[in-house]
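The next block holds one structure in the form of structure tokens; read it before the comments.
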Amino acid sequence: MMEQWLESTPGWSNIALFFGLGALLLAVVLAFVTYGILAERKVMGFMQGRIGPNQVGGRFGLLQTVADVLKLLLKEDTIPKAADRPLYVLAPIIAFVPSFMVLAVLPFTDAFRFADIGVGLLYYIAVSGLTTVGVVAGGWASNNKYALLGGMRAAAQMISYEIPLVMSALGVVLLAGSMNLVDIVAAQKDVWFIFAQPLAFLIFLIAAVAELNRTPFDLPEAESELVAGFHVEYSGFRWAFFMLAEYVYLFAMAALVTILFLGGWHPVAFLGWIPGAVWFALKFCAVVFVLIWFRATFPRVRADQLMEFAWKVLLPLSLVNIVLTAVVKAWFF
């Protein structure tokens with residue numbers, strides 16, 4: 001129904017619906033960012049034997065992130081004298097905008113989606129790569145050696161892990177016969193691809209953590225090595241753009257893993273009475289929890305280990321997975 005309205009003859013009602021749905025998605029994502037950060041701090045606190053935020057907004061610290069955001073907005077916005085001012089100002093926007101653009105092709109249920117394009121997976125991968133341009137630009141424009149090194153690390157990491165990420169997703173595309181995300185979910189009606197493609201799921205999840213610059217692959221902003229990495233010279237709301245982009249991508253990547261490998265909104269066979277939106281939310285939250293669990297568990301790897309793992313381990317395994325998938329599909333389907 002919603003898709004028919006969006007694709008019908010342009011009019012004021014379509015425009016109002018378009019902006020209304022966009023505002024709704026923005027509100028949902030911002031709510032996730034707000035309480036996703038809180039959940040991450042609480043979960044990590046529990047795993048480390050701490051309480052976590054418990055002062056602002058009651059005993060559970062429900063308003064702690066809101067207070068942190070207000071603090072960021074009230075901080076002074078400084079620009080280094082030696083910085084390339086236009087590029088320094090533009091870089092956070094370049095990093096932030098693609099994070100929202102990728103949400104347009106993510107189907108959250110069989111009825112709630114914004115753009116049902118035939119190459120939704122390709123669109124996601126292509127647009128998400130643009131954020132690295134903003135990261136590198138911010139590191140270079142800051143005229144700071146730590147920021148520049150962080151930006152270069154981000155570029156090298158993205159190039160290295162984008163390849164196994166894409167190649168692991170090719171196994172899913174081979175089984176589904178489409179790069180349309182809705183079709184990929186439909187192909188998992190009987191068997192989720194996490195069972196048909198366990199190796200691809202493992203490769204994709206590891207590469208996704210690297211793409212998100214999260215522990216143990218957070219080398220572009222390694223505090224113990226680079227102070228704060230590519231955004232070391234940023235403060236206030238400009239720094240908030242980089243942080244917001246990181247957590248919006250966490251939202252998007254968790255949703256993409258749910259779509260590609262966990263059956264999207266399809267339920268477990270004997271629990272079909274539960275709505276698809278609830279199933280999607282449960283799977284999505286499980287993926288987010290695993291990503292938080294990684295951060296609280298693994299130590300940061302060295303730069304040489306990061307590169308070797310991508311090129312010597314993940315890339316060969318992704319090639320093996322493609323060959324096995326092609327053979328199985330040719331012989332049994």
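Glycine is no exception: its Cβ is also placed from the backbone N, Cα and C atoms.
For 15-35 (among others), the entry in Swiss-Prot reads transmembrane segment.
Residues or ranges marked as transmembrane segment by Swiss-Prot on the basis of sequence analysis: 88-108 (among others).
The transmembrane segment annotation in Swiss-Prot covers 117-137 (among others).
Swiss-Prot lists 165-185 (among others) with the feature transmembrane segment, giving sequence analysis as the kind of evidence.
Here Swiss-Prot flags 191-211 (among others) as transmembrane segment, drawing on sequence analysis.
Annotation source Swiss-Prot lists transmembrane segment at 241-261 (among others), citing sequence analysis.
Sequence-remote contacts of a segment are chain residues at least 6 beyond its ends whose Cβ falls under 8 Å from one of its Cβ atoms, and for the transmembrane segment (274-294) they are 36, 39-40, 43-44, 47, 108-110, 112, 205, 209, 212, 214-216, 250, 254-255, 257-258, 262-267. As annotated by Swiss-Prot, transmembrane segment applies to 274-294 (among others), with the evidence given as sequence analysis.
Residues or ranges marked as transmembrane segment by Swiss-Prot: 313-333 (among others). Within the same chain, residues 161, 163-164, 167-168, 170-171, 174-175, 197, 199-200, 203, 206-207 sit at least 6 positions outside the transmembrane segment (313-333) and bring their C-beta atoms closer than 8 Å to a C-beta of that stretch.
Between the transmembrane segment (15-35) and the transmembrane segment (241-261) there are 3 or more Cβ pairs closer than 8 Å, counting only residues 6 or more apart in sequence, so the two stretches are in contact.
Looking at which of 88-108, 117-137, 191-211, 241-261 has the most CB pairs under 8 Å to the transmembrane segment (165-185), the answer is the stretch 191-211. The stretches the transmembrane segment (88-108) and the transmembrane segment (241-261) meet in space: the count of Cβ pairs below 8 angstroms, excluding pairs fewer than 6 apart in sequence, reaches at least three.
Residues 128, 157-158, 160-162, 164-165, 167-169, 171-172, 175-176, 184, 217, 249, 253, 256-257, 260-263, 266, 290-291, 294, 306, 310, 314, 317-318, 320-321, 324-325 of the same chain lie 6+ residues outside the transmembrane segment (191-211) yet bring a C-beta within less than 8 angstroms of a C-beta in it.
Within its own chain, the transmembrane segment (117-137) is flanked in space by residues 87, 90-96, 98-99, 101-102, 105-106, 150-152, 154-155, 158, 162, 165-166, 169, 173, 178-182, 184, 211, 220, 230, 242, 245, 249, 252, 256, 260, which lie at least six positions past its ends and keep a Cβ under 8 Å from the stretch.
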